[in-house]
């Protein structure tokens, strides 16, 4: 904008003045918020455009070069946002050629819709500059194109009937009106006139004798004015000093004193109105023609209006956060103003006394909030177990699935300005400030199950070894046995038992000489004595000690032993058998271990040969396992807890782990124990195997307690409190995030603090003081009409002052603010005239008795001269006694509303997850349901329900069915393993005891016998049971058949099944436990070689087959010749061979895995983490399961893994919070109020747990409290006091009523005190109105609202809300005023639940080529407008030339046709020639086509049929030819002849046959021809 400035030193030419030209405003720079600045350049320019010095321009007019602005920063994004309203209704876009386009509209036309777009501050929703929001995102569009339906004209109803005419001879008009049904839309035609009038046909009045009526017209009251000074001296004016304590009135001279305490001057003036006499034709007449008794009042007293006077605004308060901590807005500031004087009369009332506006926080960082959680509490298994069985005994060692909880809270995050790095302040705030769903407060957890240490069985005792082979003589010897850890211990203090046991022994050796005897070399010949050399080798006992090979050959002294080879006649004895197993594993006083071996006689001696040894020489026995049955082992106590290393860091050097919390030590006691008698000296145990007593450990880290900061103090009230109010307290709290552990700092005791609010403002106490009323002020005598007596109605005023609590005078504004409504300053008064009746005041009402139905009364009496006047004695007009019924304290109650839900009583404790639930709130069982009551007094008025019932309810017992879970029995014991060799299964089961109902936990899947099974894999060692064979008996020869007692015989042995389990020793068990297919032979053939025969030994073992069976590879076995024969008879074979055939004598082995077992849990667990296993077995190639040792010897690769982790889902019942307290009633009074309480889901159901109930809220009706409200009565008709027309008043009553707020509530009046203060908006109890005088134009009453109509396109709604309209029309009572009257009112309002209507043209039948056409709505209502004019049917039809032929008429197509029963004969040019009557229509109703709409005859179809015939049956004019009639007649005679001939033939046959059988065919034949 350019500002032209004048200069003193420039010429007077206006074009030469320099002017100041500002540039564009720059960007806002400076601090964030309202402290920014923007600047622009300002220069001084000449009118011709060149710049000059600033001094040439007027400095006073210099535009500002800097302006304060709001600097937008990135963090303001959280404070401001675009507010976009919904789109307005689509309006017609006014464009060029819109009118022409409207005619072409088919369904829709272009429109425009708008919406408001503002940049708002989020907190207080105040609008700010759009530039702030545009800093973050572009401004959303405020307009968009849309489609609107085609223009629709205004739709009006049909006219009403004509109004009646007057009876006199004066000319008058009669009217008829119509109403608006739908307003014009989208550019449609406006509404037509709603009124029609016409002159009545009245007889002419004789000259000068027109009949006229006269009416008294009362004009409106004029302005209130003060009386003339001359009158004021007489009447005076009342000026009230509201600051004085006395009721004295001050004169005008005191008007200016103490203005700060004066509420205002009440000035009483007067107002007048005009009264005229009006003739029926609207012209004025003499007043005497209208005057009546009583004469209308033309003047009255009034209060001079004065507006409310306000003080100036106070300065703005400091900017402060009104919402305390967590506020998203910078803050608010306020300012106040006071009332100096109140409004008087019709003056303008006082506006608002306080203003608020948002203010900047001065660049402080915005607050951000996020959900935060404490650490998870310890896992509690008992919570889940309590869900399954609340009455179970608490047991130790619970493990498996459980529930753990944590605290979830909303925390504040502060972003420091400039860094934009979030710095968290762990200060809890209100959860409503955090966005999004809160994290879970509980979860399913897993407590590892303790596992006891499991060990294998003991190995056999080893040889006697010294502790050190380097110095074997210095250390004692021990025999030892070991066992291994199979399952490591988990979660138990007790570790594994000892794994090594030892027995002291003597003659401890690290190596042993193994002696093998070579072949016997005879001294001479093939038999006889000889010698055999000994092969000796050193074998190591100690594990891991290798023996050099050269020690086997380099013997110090090779030894030779004597031997003998049996000669042909000698006795032959077998080799010694191996030593049998030792009978005892150790030796004691009562039992010693022994073992034996034997040999047998293989061949008998011949005469002269060496004899066989005696029987006793065939057996040998020796002692074994001579060590005592006492063994020793090292025993350890559990490790101590990890403690600080007092000795220094010697142990730390050996620890490879890295821990910030340091390394400590653990200790334990180590002692040597004897198996039977307890602790012994450590020398009895091998020192080399002594366990360590000290080991390093990681010191557990100290965990200090972590708590949040205290929350902000809850805000103290900013509004003032009454002086007698109880002290208001504020509180704050903090949350434990982490509990202390391992000696860390303990948590504080105080988590909640409370204190009294300080500096709470106390509301000041002010009160109004009313002074005495002034004398009644009447209208001045110069204005007053009638007799000169000073009496009648007037006004009187009084002073009202404001006093403080101490009784000191105070400002009027303080009382307006703190003391409530101001007492009335003015009231009506009456100065009785000498003819008026005067009374004493009413007495008090008489006392009531206790009985209902009695009455009470009060009295008054006449005073002064009134006692002598007869009219005052009329008690009907002037009653002197008033009677009213006494209040009756009898009440009746009625149930109201529905029964509530069944409420289980008993206050629930605060349930905390993870804590032992003591006395959890009952969820089912016996309860009560409530039904609200309404209480009525004897007159049927609603009263407080406590009058009928203390609780306001009636109760009845009810039951909430308790859910019962599926109950199963305990597990049965495990069955034995299903397999005696290799993998099998063990099974246990439980069976159904009770089915679930009422929403209890469902059962697991049951079998047909209502059982559920659990199977676990098991493994039976294949050599657990084995066949034990005894020694073969001597070969028995059948002596009866063989006198030599030699040759073939039989020998036997005993076979038994024994258990080889470690804990049973060798114990005989039933044979069924061993493999029956592999039972050894108990009988075999044998040979006792006769004397001089060749004797051979028993067969040796077959040589092994290769690992891969090959039939080309043979296995062999051999035997030796022990005695050569005397004769040349050859010896039997000494070797045998057979091929290695798969699954016959050659087998292959491989590991085999079973399938995975089910998930196995710990002993005390019901769910959670478990383990599933699969078993390994050794399978032979023929499918048999064999001992694992066979696979182990082949060093096959074992499949892995054989176990894996798994999870059994926990069945978690839905867990709910306790019921909240009942809410406040939704209605403060009346019926239909509801109280609600709710609960929330703390833990969702999982697995087969009880699901959450659907009902999370409960409702109950509130007791019906009475509603007291002011009821405005209907407006009375317009009353003209003392006149017939003109300006009057409409009044209505304001009554205090009681009701129950329902739609059909019956309201009953009660005392006004129950309704409190008068409503401000509804207090208008009288309104000015007017009654038209004769000849005046006036509007009719409003029509009824039309039905709700939607705007639709093709039958579908275009808008969500519809419209309905009403209207009123102008009526013109006389023809003279017809031109001066015009106008009509239409109102339209939105409505819901509208319908789509169609408007269609309707037509009546044609009569004389004329018909009626009208528009009808689809619901049958006839209307004007709404139907498109371009589709309107014709009302008159014309044929050219006119249809003058007989029986012809003009059709709708505009051509002449024939009436029904006649056919057209057309000319060649297509016009009708004449109409011909269709033959045969007298008796039959033939369907004769009269006209086809084409220029050819009516029989055109028949013409088409016969078109190809050579004989044409029709004439060109459409009539049948004569020969057609002849052919038809001939055919008819032939048919009659045939019928007659058939009848005669049948009659002849009838004479020769019996009549009955022939009746039927004749009848049938006749029936068949009956139609002919």
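Just so it is clear, glycine is given a Cβ too, placed from its N, Cα and C backbone atoms.
According to TrEMBL, the domain 'Spondin-like TSP1' annotation covers 154-205 (among others).
Annotation source TrEMBL lists domain 'Spondin-like TSP1' at 308-361 (among others).
What TrEMBL lists as domain 'Spondin-like TSP1' is 571-629 (among others). Note on the domain 'Spondin-like TSP1' (571-629): DSSP counts are 4 helix, 19 strand, 36 coil.
Across the domain 'Spondin-like TSP1' (705-763), DSSP assigns 0 helix, 18 strand, 41 coil. The feature domain 'Spondin-like TSP1' is assigned by TrEMBL to 705-763 (among others).
Mapped onto DSSP helix, strand and coil, the domain 'Spondin-like TSP1' (966-1010) counts 0 helix, 16 strand, 29 coil. The domain 'Spondin-like TSP1' annotation in TrEMBL covers 966-1010 (among others).
Residues or ranges marked as domain 'Spondin-like TSP1' by TrEMBL: 1214-1267 (among others).
What TrEMBL lists as domain 'Thrombospondin type-1' is 1441-1480. For the domain 'Thrombospondin type-1' (1441-1480), the mean pLDDT of the prediction comes to 83.
Summarising the annotation, TrEMBL assigns region 'Disordered' to 243-265.
Residues or ranges marked as transmembrane segment in TrEMBL: 1522-1546.
Note on the domain 'Spondin-like TSP1' (966-1010): residues 388, 1016-1022, 1024-1025, 1073, 1075, 1154, 1175-1179, 1185-1186, 1211, 1213, 1248-1251, 1253 of its chain, located 6 or more positions outside it, place their CB under 8 angstroms from a CB of the stretch.
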